[in-house]
Structures are given as structure tokens and as C-alpha cells.
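Asker: This structure is in C-alpha cells; I'll ask about it shortly.
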Amino acid sequence: MAWQMTQLLLLALVAAAWGAQAPRTPRARTDLLNVCMDAKHHKAEPGPEDSLHEQCSPWRKNACCSVNTSIEAHKDISYLYRFNWDHCGKMEPACKRHFIQDTCLYECSPNLGPWIREVNQRWRKERVLGVPLCKEDCQSWWEDCRTSYTCKSNWHKGWNWTSGYNQCPVKAACHRFDFYFPTPAALCNEIWSHSYKVSNYSRGSGRCIQMWFDPFQGNPNEEVARFYAENPTSGSTPQGI
């Protein structure tokens, strides 16, 4: 009896050691739908948020963001990321609305599962990579921002944060957006380290993520997420970072 207990104990120890060493497995395809990423302000699970603020309101029936997060998404230098949109003078309102909508999509959407990837970052454990943004949404973003000013083409890193919010690094000159982003694809693909990849598909195709949609017509991104979850080799679900 004693030797049997010893064997069982050894097996348990080996199993525990193996489990501790085993890497976290990628999300199963069934886990790619209706999910929130493990990031700084996201809820653990999506659900109704009836009072989401202004541009974030399309996600009120099913959201990964809280009401407070949606309010902060509309503020300059908000507590979310202390990001200053006006780092090269005042950003045009028509341009800023795209960045607010971009923030709402990132914080609130439960339909980004096929593009969620693990990262080893202090402020988040997951990010999105290569989200296929509808070409019209990318085009209008670029058109409305091309006459605003910035000093960098990658806004994820390289800022001067000594003041508590982002400022242009030394020797980084302010130029119009179309200097740093000469094409719509340059803007959408590069500004957030390839979080987006501008799609050849159009809005309503069921093959690209819409940053803007009419909630009274339903959320078109649900169909898009389902398609890429079921077709992981379709070309818009990158396999690594």
C-alpha cells in the first residue's frame, strides 16, 4: 500500500511540474468569438453597457469596455493612456474623431478574437495584430487627418514621457500627416505597430472590420469575426507578432 501511495505521489509531482512548464496554449477557435482581450482597461467578458458614451455607443448591447472607459476615450490626455493627440499643435476635430473611434473599437469590440495575440508587455498581456480594416474606413481616416500634424509614424513607442504624457522626441520634426503617412495604408498599417492591416474588402462585405457602423442595423463585425475564426488560413489572421 505504501509503495502505491509513493507512486501516486510521484506521478502527481511530475504532472504538476509539467503543467507549470507548459506554455499557455493559443486560443481555440471556439474562444475567438465574443471575447475581450487581456489588456489594461478591458472587461474580463463582454456584456451590455447601456450608457456607453457618444462614439462608443454602437457597442452598448455587447461591449468589452465600461461606461467610464468610453467617457475617457473621448478626452484629451485621459487616464486611459495619458496620450496627447495635440502633440504637434491642435489636431483637427475631423481627424480626432477617427482616433476616438479607433479607441472605441479597440476598447469595446468583442469581435477582435481572431487577431488577438499574446504579448509580454508590462501594461497588457494581449494585443491585436493585423485586424483587416475596411478600405473605406482607412481612406476616410487618412483623408480627414492628412492636414493635421504629427512627428512620428509609429505611435506605439519612442515618445518622450517625462512630462507624464507623450511629447515628440528630440529632433523629431512636426510635419503634416501625409508626410509621415503618404498613403492610407501607411497610416492604418503603421501607426499602431500593425494592429491594423488595411483590407481590399469594402464595408458590408463580411470580410473586413468596420470602425464605424449603425447599431440599429446590427454589428457587422460579428459576421467578420466568425468568418476568420472558421477560416484561419484566409490570409487575414497572422500567426505571430
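The backbone N, Cα and C atoms fix where each Cβ goes, and this holds for glycine too.
Grabbed the feature section from Swiss-Prot, which reads as follows:
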{"type": "SIGNAL", "residues": "1-19", "note": "signal peptide"}
{"type": "DISULFID", "residues": "Cys36-Cys64", "note": "disulfide bond"}
{"type": "DISULFID", "residues": "Cys56-Cys104", "note": "disulfide bond"}
{"type": "DISULFID", "residues": "Cys65-Cys108", "note": "disulfide bond"}
{"type": "CARBOHYD", "residues": "Asn68", "note": "N-linked glycosylation site"}
{"type": "DISULFID", "residues": "Cys88-Cys174", "note": "disulfide bond"}
{"type": "DISULFID", "residues": "Cys95-Cys145", "note": "disulfide bond"}
{"type": "BINDING", "residues": "Asp102, Tyr106, Trp123, Arg124, Lys125, Glu126, Arg127, His156, Lys157, Gly158, Trp159, Asn160, Trp161, Ser195", "note": "folate binding site"}
{"type": "DISULFID", "residues": "Cys134-Cys208", "note": "disulfide bond"}
{"type": "DISULFID", "residues": "Cys138-Cys188", "note": "disulfide bond"}
{"type": "DISULFID", "residues": "Cys151-Cys168", "note": "disulfide bond"}
{"type": "CARBOHYD", "residues": "Asn160", "note": "N-linked glycosylation site"}
{"type": "LIPID", "residues": "Ser234", "note": "GPI-anchor amidated serine"}
Asker: Give me the CA-CA distance between Cys208 (disulfide bond) and Cys104 (disulfide bond), in Å, as a whole number.
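Answerer: Approximately 17 Å lies between the Cα of Cys208 (disulfide bond) and that of Cys104 (disulfide bond).
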Asker: Return the member of Cys108, Cys145, Asn160 nearest to Arg127 (folate binding site) in space, with distance defined Cα to Cα and candidates limited to these recorded positions.
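Answerer: Smallest Cα separation from Arg127 (folate binding site) among Cys108, Cys145, Asn160: Cys108.
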Asker: Nearest to Cys36 (disulfide bond) by Cα distance: which of the recorded positions Cys95, Asp102, Cys138 is it?
Answerer: Asp102
Asker: Among the disulfide-bonded residues Cys88, Cys145, Cys188, which residue has its Cβ surrounded by the fewest other Cβ atoms within 10 Å?
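Answerer: Fewest other Cβ atoms within 10 Å, among the disulfide-bonded residues Cys88, Cys145, Cys188, is found for Cys88.
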Asker: Trp159 (folate binding site): which of the disulfide-bonded residues Cys56, Cys65, Cys104, Cys108, Cys188 is the nearest Cα neighbour?
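Answerer: Result for Trp159 (folate binding site): the nearest of the disulfide-bonded residues is Cys188.
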Asker: Among the binding-site residues listed here, Trp159, Trp161, whose Cβ has the fewest other Cβ atoms inside 10 Å?
Answerer: Trp161
Asker: Checking the contact step here: among the recorded positions Cys95, Cys104, Cys108, Lys125, Cys138, Cys151, which have a Cα within 10 Å of the Cα of Asn160 (N-linked glycosylation site)?
Answerer: none
Asker: Return the member of Cys56, Cys95, Cys138 nearest to Cys64 (disulfide bond) in space, with distance defined Cα to Cα and candidates limited to these disulfide-bonded residues.
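Answerer: Given the candidates Cys56, Cys95, Cys138, the nearest one is Cys56.
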